[in-house]
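This report concerns only the one structure given below.
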Amino acid sequence: LAQRFGTCSAAIMSDKTAEQADPEAGHGEQKGPRFIYAAFSAAAWIILVHELLERFSFYGMKGILTYYLNDYIGFDDDTTTILYHLFTGLSYLTPILGTFLADNFWGQYKTIAILGIVYLIGHLLMPLTALTKNVPGPLISMLILAIGTGGIKPCVAAFGGDQVGKENEEVLDGFFAMFYMCINIGAFASQLITPILREQVKCVDDSCYPLGFGVPAIAFGLCYVLFLAGTRTYKIYPKPTSPMLNKAMKVIFSGKLWRRKEEAFDESKATEEEKADRAFIEDVRVAVQVLLLFLPFPIYWALFDQQGSRWVLQGKRMDGYISESFSLTADQMQSVNPLLIVMVVPIFNNIVYPLFAKCNLLKSATSRIFWGYLICASAFGLTGIIELLVDNTVPVGLPSGQAQLRIFNANPCPIDVAHPDEARRIPARSLDRFNNAPWIVHLRNHSGGDYRPVLNVTRHCGSSPPGSVQTVWLHLRPGSDNLVIVADAGRVSAALPIPASVSQTRLRLVHADHRLSGSPVQFGTEPGRCLPHSNLTSSGEGTVNPLFATDYCEIASRLDVPMYIGDEHKYSVPLSSLPSAIKYATIYAEFNASSSAVTYHTIVDRELNPLHITLQLPQYLLMCISEVLFSVTALAYAYSEAPANLKSLLQTFYLVSIFFGNMIVIAVAAAPKLPKQAHEFFLFAGLVFLGGFVQLFVIFYYNKIKVKSSRNQVVPVEIPMDSVADKKLPEYSEESSSGTASSADVAKDNTDVAGGNDGAAKATGDVPKSDGDGEGSNPAEQ
C-alpha cells in the first residue's frame, strides 16, 4: 500500500509539474463550445418534450405508489413490496412485447401511437380507482400501465434518433445528451411534486391520491397529443424486413448455434447468402456468450429498485420536519436519486476516474463493476443499521391479522370495559396519556377481512343507573391502530383510526357536547379547516351515541388553533404546551354546560421518531455511486462486446435482467418473514456482496469461452476504460437500445454506451469535453 501510494503521489505531482512547465501540453486540440441544439429539427424537439412529460407521468405515478398501496388501500408492508416490484418488473419485461410488435407488425411510430393509448388508459384508471378506494382497480391499472410504459420504451429514443439522423454524429450525441436531461428533469420534478399533491391537498380521507395520480395522467395526455400532433414532421421508416429478434430465435431453436465449429465450410464455394447466414450464426453465438455477463445482474437490480419500496417504508417511520412549516416525505426522498446522478456522473468522469487512474485503480470495466457491487452492499448494510435504530425508537407496525384499540376513560369514575377475550377496569380521568396510560387491547382477526368486535362498557356514575351496561359495536380494519374514548354523559367514541406515519404534525378535535350537534365543530386555521369526521356515525353503533370528532388537521406552528362552531369562531385551543415530539394527537374538549368553559386534554396518538429522514441521504449517495460504477460500466461493456447488428437486441435482454431482479425481491418478501426488517436488509447486502465475486468469475469464464467473430472483433475484458474513453462516445440508454436497430443505433454501432436515468447515463469517459454534457440516472428506475 505504501509503495502504491508513493507511486500514485509521484504520478500526480509529475503531471502538475509538467502542466506548470507547459500549460498547453497534454491537452490536445481545444474545441470551443458549439450550440448544436439549434440543429435539431422540430420533430426532434417534440420527442424531447414527449420524453420529459412521459417520464414525469411514469415517475409521478410510481413515486406515490408505495404510500398508496400501504396507507390508502391498506396492504401490509410485505404485500405492498410485492405489488410494487411486480409492477416494476413487468415494466421491464414488456419491452420484449414492444420490440416484437415494432419489428413484425407496426414499426416504431405505430407502436408508440397504439400502445400509447393503452398507457393513457392505465393512467386514467389510477385516479378513478383512487376515488372508489377498491382493491382490484389499482391492480388492473398497474398491469395496463406496465404494458404501456414497457411497450413504448424500446421505440421512443430510437425513433427520436431517427429524427436527427446519423449524418452528423455530434448533433446525434447532443440529442441524446438532451434526451437524458429531459428524463432527469421529469423524474426529479414528478417525485418532488406528486407527494405534495397526495398529502397536502384534502379530497378523500385527509389526502388526495386522485389528484396525485391525476396530474401524471394529465401530463401523459398532453404528451400523447403532442406526439400525434407532430406526425407530419416525422421521418417514419418502415418496419425491418428481417427482424433481428425473429432471426436470432430461429438460429437458436434450429440447433445451428450448437453445431461444432469445425464443421466443414468452404467459404470460397459458398454463396453470398450462405456466407451471410454463417456470419449471422457466429454473431448469435457471440451474443449468447455476452448474455453470460448478465447472469449476476438481477441481484444488483433487486437491491437497486428497493429505493422505491423498502426504503420508502423505512422513511415513513422517520421524522421529516425540515422546519416548522416544511417537511420532507419518504416518497419525496426518491427525487434525490436523479438529482445526485446529474451531479455525480460528471464528477466521476472528470475527477474521480482520472485521479484514480494515476494510482492504476478503476481503469478496467471489471474493477468498476466489482466495486459497484461492493458499494451497493455497503448501502444496504447502512440501511439495515438505520432500520435497527428506527425499531428501537418506534414500534414496528401491527401484523395484518391484528388490530389495536387504545381505550381512554373521560368519566369522573372508573369504568369496566370487556371484549370477548378480556375485561379491564379503567380508572377515572385516564385521558392524559402522560399521566395515565390507556388500556391497549390487541384484537385478533381470524376471518381475514374487516371485523366488528363488541365492547361492553359499564359506568359506575352519571345519569345512567349504576352498573348499567352499554354495548358498542366497532368497525375495524386488520392491522389498524384505533382510539376509543369513553366520555361522560354516556357517550363512547367510534374507533378513530390513527394513521401509521407521515412527516407532518397533525391534530384532531373530539368533544361530547350534544348541544353542538346541529352546528358542526370545525378545527384549524383558514383555509385548512378540519371538517367533521365523515365515518363516525357508521363506525360507532349500539346503545350509545358517538362522540363528535374532526379529521386530522395539519398544523404549521405551536400557536393556539381556532375552533369554530358552525362558521363562528368560539374558542381557541391552546397548543403552547404541546410536546414537540408529537406527530399525531387528539385534543379532547370537555364543555362545562353552566359556565361555557372548555377543558382540553391531549392524547398522544403517535410520536415523532427522533431519527430524521435525512439520515437516509448517505445510503442514497452510496447507491448512486454504485449505480455509476455498475450500471454505467456494465451496459457499456456488454454493448461493446456485442456483435454490431445485435447490440440493440442485447439491450432488451439487459432490461429483462431488471425484471428478474424484481422477482428476487418478490420471492424474499413472500418467504417466511425474518424476525426484523433489518435482517432482510443485511441478507440483501450479503447477497450482493457475494454477487460481486460471482460477477468476477463470470467475466473470467466469459473471457475464456468467447468467440471472436470475423465480422466483429471483441474487445478484451480487461481493456483499460481510458482507451474506451478516447473514442467519441454517445449518450445511450436501454430505452433507445431495446428493440430493433434504428438509424440512430446503426450510427453508434462502434461506440460504447452506459446506463442513464432511463437506462443510460453516458459511458465511462463519456462526457464530451467540449460541451460538458453528461446526464444519467437510474437504469433500473426507468
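Any Cβ shown, glycine's included, is placed from N, Cα and C.
Over in TrEMBL, the protein carries these features:
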- 35-53: transmembrane segment (TRANSMEM)
- 82-101: transmembrane segment (TRANSMEM)
- 113-132: transmembrane segment (TRANSMEM)
- 138-159: transmembrane segment (TRANSMEM)
- 171-189: transmembrane segment (TRANSMEM)
- 209-229: transmembrane segment (TRANSMEM)
- 284-303: transmembrane segment (TRANSMEM)
- 336-357: transmembrane segment (TRANSMEM)
- 369-390: transmembrane segment (TRANSMEM)
- 620-640: transmembrane segment (TRANSMEM)
- 652-670: transmembrane segment (TRANSMEM)
- 682-702: transmembrane segment (TRANSMEM)
- 728-782: region 'Disordered' (REGION)
- 735-744: compositional bias 'Low complexity' (COMPBIAS)
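Taking pairs at least six residues apart, the transmembrane segment (138-159) and the transmembrane segment (209-229) share fewer than three Cβ pairs below 8 Å and do not count as touching. Counting Cβ pairs closer than 8 Å and at least 6 residues apart in sequence, the transmembrane segment (35-53) and the transmembrane segment (209-229) reach three or more and so form a contact. Only residues 6 or more beyond the boundaries of the transmembrane segment (682-702), in the same chain, are considered here, and those with a CB under 8 A from a CB of the stretch are 289-290, 292-293, 295-296, 299-300, 302-303, 306, 366, 369-370, 372-374, 376-378, 380-381, 383-384, 668, 674, 717.
Sequence-distant contacts of the transmembrane segment (209-229) (same chain, at least 6 residues past either end, Cβ-Cβ under 8 Å): 46-47, 49-50, 53-54, 56-58, 60-61, 64, 68, 72, 112-113, 116-117, 119-120, 123-124, 126-128, 130-131, 190, 193-195, 197-198, 201, 203.
Of the recorded ranges 82-101, 113-132, 284-303, 652-670, the transmembrane segment (620-640) has the largest number of C-beta contacts under 8 angstroms with 284-303.
Most Cβ pairs under 8 Å with the transmembrane segment (284-303) belong to 652-670, among the candidate stretches 82-101, 113-132, 369-390, 652-670.
Same-chain residues lying 6+ beyond the ends of the transmembrane segment (113-132) with a Cβ under 8 Å from its Cβ atoms: 57, 61, 68, 72, 98, 101, 106, 138, 140-149, 151-152, 204, 209-214, 216-217, 220-221, 224, 227-228.
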